[in-house]
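Here is what Swiss-Prot says about this protein:
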TOPO_DOM  1-51  topological domain 'Extracellular'
CARBOHYD  Asn18  N-linked glycosylation site
CARBOHYD  Asn22  N-linked glycosylation site
CARBOHYD  Asn31  N-linked glycosylation site
TRANSMEM  52-72  transmembrane segment
TOPO_DOM  73-92  topological domain 'Cytoplasmic'
TRANSMEM  93-113  transmembrane segment
TOPO_DOM  114-121  topological domain 'Extracellular'
TRANSMEM  122-142  transmembrane segment
TOPO_DOM  143-159  topological domain 'Cytoplasmic'
TRANSMEM  160-180  transmembrane segment
TOPO_DOM  181-217  topological domain 'Extracellular'
TRANSMEM  218-238  transmembrane segment
TOPO_DOM  239-251  topological domain 'Cytoplasmic'
TRANSMEM  252-272  transmembrane segment
TOPO_DOM  273-293  topological domain 'Extracellular'
TRANSMEM  294-314  transmembrane segment
TOPO_DOM  315-342  topological domain 'Cytoplasmic'
Amino acid sequence: MAAEDFLTIFLDDDESWNETLNMSGYDYSGNFSLEVSVCEMTTVVPYTWNVGILSLIFLINVLGNGLVTYIFCKHRSRAGAIDILLLGICLNSLCLSISLLAEVLMFLFPNIISTGLCRLEIFFYYLYVYLDIFSVVCVSLVRYLLVAYSTRSWPKKQSLGWVLTSAALLIALVLSGDACRHRSRVVDPVSKQAMCYENAGNMTADWRLHVRTVSVTAGFLLPLALLILFYALTWCVVRRTKLQARRKVRGVIVAVVLLFFVFCFPYHVLNLLDTLLRRRWIRDSCYTRGLINVGLAVTSLLQALYSAVVPLIYSCLGSLFRQRMYGLFQSLRQSFMSGATT
């Protein structure tokens with residue numbers, strides 16, 4: 001790889017090869033040219049720490065989401081619409097595991113870098129980005145339907161969950177396939193190392209800007225607007241009705257929104273600012289670039305951690321997962337206690 005740790009190298013734009021190595025959302029911004037002046041170089045996370053953090057997130061992701069997926073498959077006949085959507089979120093987080101695994105392998109073994117591996121890594125990353133947020137939107141929609149039509153049975157059926165999950169998956173597949181079209185293996189003209197880069201010929205800069213713009217609009221602004229709409233509608237319905245589970249519904253709304261804003265919102269805001277900077281809609285400077293790119297490096301790790309931890313938290317919102325996970329932990333506890341006494 002051209003960057004072996006979270007390095008942010010800023011060079012002049014006029015006669016340089018503008019580059020941002022977006023590996024699973026971890027932005028390594030650098031502009032390569034034979035005659036350039038370096039503005040600033042900031043080390044955010046050392047190489048060994050970087051690999052260790054990604055590996056830890058990978059393990060937590062696989063174990064946690066694998067456990068939830070196992071519980072669903074074992075008791076899928078009892079699943080409702082929310083449970084189907086939560087399963088989609090867990091499986092989607094496993095997609096990020098594939099991207100993280102490919103990224104770590106390319107860090108450790110640069111010789112294996114190929115166009116196919118580059119496209120695989122970025123495809124599963126964008127699939128995670130789009131499918132995750134649209135799945136959360138679908139969860140908010142089902143929550144609204146369950147509250148607004150609490151006397152009806154159709155919002156609880158599996159068929160609604162499968163329809164919404166399929167729709168979110170279709171949108172994510174189209175957007176992810178578009179994002180990885182020009183991803184390929186190239187050689188850094190300075191370090192002579194292989195790396196993954198969007199290679200669209202003379203249109204490379206425009207293409208990269210297009211990908212980032214679509215990511216900001218379709219992966220953040222539109223879903224955020226839908227989240228606000230559905231949870232606002234749910235809140236209004238809860239306030240004007242006398243639901244027995246009124247306090248519980250409010251708690252779910254606060255929990256889901258709070259988790260999204262803590263783990264994902266900072267990265268998306270910085271990604272939006274970075275896109276505006278590249279479009280020259282805000283004033284460009286080395287200081288501004290430094291702040292944005294350091295922030296992107298840190299918040300992208302937070303977003304990756306979200307994929308590993310939040311599905312387990314979301315599992316508590318679905319009755320199937322909550323009851324079965326509680327039963328599983330009780331069985332493990334009893335087995336441990338009986339083994340300790342013998």
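Every residue gets a Cβ built from N, Cα and C, even glycine.
The stretches the transmembrane segment (52-72) and the transmembrane segment (294-314) meet in space: the count of Cβ pairs below 8 angstroms, excluding pairs fewer than 6 apart in sequence, reaches at least three. Pairs of Cβ atoms less than 8 Å apart link the transmembrane segment (252-272) most often to 294-314, out of 93-113, 122-142, 160-180, 218-238, 294-314. Counting Cβ pairs closer than 8 Å to the transmembrane segment (294-314), the top stretch among 93-113, 122-142, 218-238 is 93-113.
According to DSSP, the secondary structure content of the topological domain 'Extracellular' (114-121) in residues is 7 helix, 0 strand, 1 coil. Note: the topological domain 'Cytoplasmic' (143-159) comprises 11 helix, 0 strand, 6 coil (DSSP; helix = H, G, I, strand = E, B).
Under DSSP, residues within the topological domain 'Cytoplasmic' (73-92) fall into helix, strand and coil as 17 helix, 0 strand, 3 coil.
In the predicted model, the topological domain 'Cytoplasmic' (315-342) shows an average pLDDT of 67.
In terms of DSSP secondary structure, the topological domain 'Extracellular' (181-217) contains 17 helix, 10 strand, 10 coil.
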